[in-house]
């Protein structure tokens, strides 16, 4: 379809109305590329997809899609032989995750019959091996230790060397305390240094890396740690090389599937676009129209989507009707009616819903042409007439029986008598060629043409004679009156002048009386139609109420499980609260040793019930059944605390999992399933302690960022207790920089704790002064 009509009708602005409902960049790109088509099968497919998505929303009202970024360029780079960086891998990882979630959603979907949508869901590919490979990259853009054995080995050596550096520096902190401006280890240029008072700079041998702005502090790397620091620098280089090798290897593994992943991304975007169409339907009370095979148009209560508080109108353009001629004054909304018809057809032929009532029907046109000018002033010049006529001449050479033509103020801008004659001649030519046309005019001569000519119908915009204001209601079958005398009176023209003018025209008002009677009959018919629509609306409300009740019943199923969980959580909280009181009493007894208090706390926590008896809860049974592991599920390996993806199940019941570049064989008890990620996960107040296994597990870490001081100190106390119970040698505490209140609290706590051997800030690349590394006594 020609681009000019899309610009004239502002189709891009209409498409922008759907953008807020999109979740993916792929869907946004498909929306922007959307254009009308004359292929009936494509339009029918789009309509069927929207109807099926509506049915899906009835069963799953909160259906959503994981947001994804455009990856077409990434896949193209892969196909050209380039290696990807971490950010690009994260984009692919997100697409694979979105694809996996959609496949799981479709597999568990019940009570909905899908045909068109099923084709898209079933075309999504399954990549459990690649999912496992991409687990090597976490969402922060960091390559995990388990990505390869070599990377894990290098990082262990780095960790050990850094621990040695910290131990040496901690000893120096104690030995040289009087020479230091502050009793902490600082970091400068990636090296661990001591803040030495300038007066003692020659008392500590080493390399000077920085001097404070005041000159009072010199940051010295002691000679004892220089060699270790050089070893760490060398290991860091090895680490970078290994990370580069991992990127190359995973690029090679993903490369053969680049086209399939790109196709999955397109499907995700397509489903997102269909979802956005249905969300628009829900928001604007739009409908999916019926499709006519013979260019018949029936629009019920149709509105212009870009006009605020638009008046809804009915338009019927039957198969036996060639032209609709809208006559009447220029201020009644004729041009908007013209654009509403054209834009509704463009939207429908683009596979979009329309702003109309159910039962509306649209045709299929190969082209839609329009000559529409926004200028509606009676002071039109010859140049304006020439411009419009040039456009009309061009259109008349292109239109055929498969076109829809919209003509605004046909014949205007020249002598009224000649303009009216030209308008009738053009309409007659179009009628003989059987080209569907809607035209507006203020020439009264065309009223007679509409009455006397077959396959042509008059229409007008309603004018309220009581208020002398247009109502913008479309009156099909009724020619318009200019109401010039009434308007002139309203604007203040002398009644004498108006009366004199009325005597200048033919006093035979038979035609006007007939028009007036037709208007009255139309108004009466509209009242009856409005009553019928009120009944229909009541029926629709009843239908919506039933659907709402159905959805509420489904939600109650989910709520039942949540209530049971809350009940269990309350019991646990009560038990832990009682344990805290007992612990306070224990602390007051000086004869108890610290490790006995820790053990007592652990025993008390065991008293908290792990679960409430929900054996009779049907919702829980169903949820439990759904948690059975399957190929493609993301998991956490319990012994390592690392994430991976299940790739296959062995005959003996064990599972094969891809964890980064490492393939593992696991029993079901050796891993936990990872719940599907939500866009905004609910934050839970908890302290995570990961127990070491053979020194190969990740460091135990506590994140106190964003916590209140009292809350942070309580979590720190619990965290240290658990670490001691698990015989951990070292832990990390992330407190951030911020105002320094929590950092100071952590320092004071660690200074008081007799089980702490040493502590200091983390290396610059591991958090710097925003994190503290704690080493416990053996």
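Keep in mind that glycine also has a Cβ here, set from the backbone N, Cα and C atoms.
These features come from Swiss-Prot:
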BINDING   328, 329, 330, 331, 332, 333, 334, 335  ATP binding site
DOMAIN    702-777  domain 'Smr'
Fewest Cβ neighbours within 10 Å, where candidates are the binding-site residues 334, 335:
335
What count of other C-beta atoms do you get within 10 angstroms of the C-beta of residue 333 (ATP binding site), across all chains shown?
25
Measure from the Cβ of residue 328 (ATP binding site) and count the other Cβ atoms within 10 Å, all protein chains considered.
27
With DSSP as the yardstick, break the domain 'Smr' (702-777) down into helix, strand and coil residue counts.
35 helix, 19 strand, 22 coil
Reduced DSSP assignment, residue 335 (ATP binding site):
helix
By a simple count, how many Cβ atoms lie within 10 Å of the Cβ of residue 332 (ATP binding site), its own Cβ left out?
27
PLDDT averaged over the residues of the domain 'Smr' (702-777):
84
Please state whether DSSP places residue 328 (ATP binding site) in a helix, a strand or coil.
coil
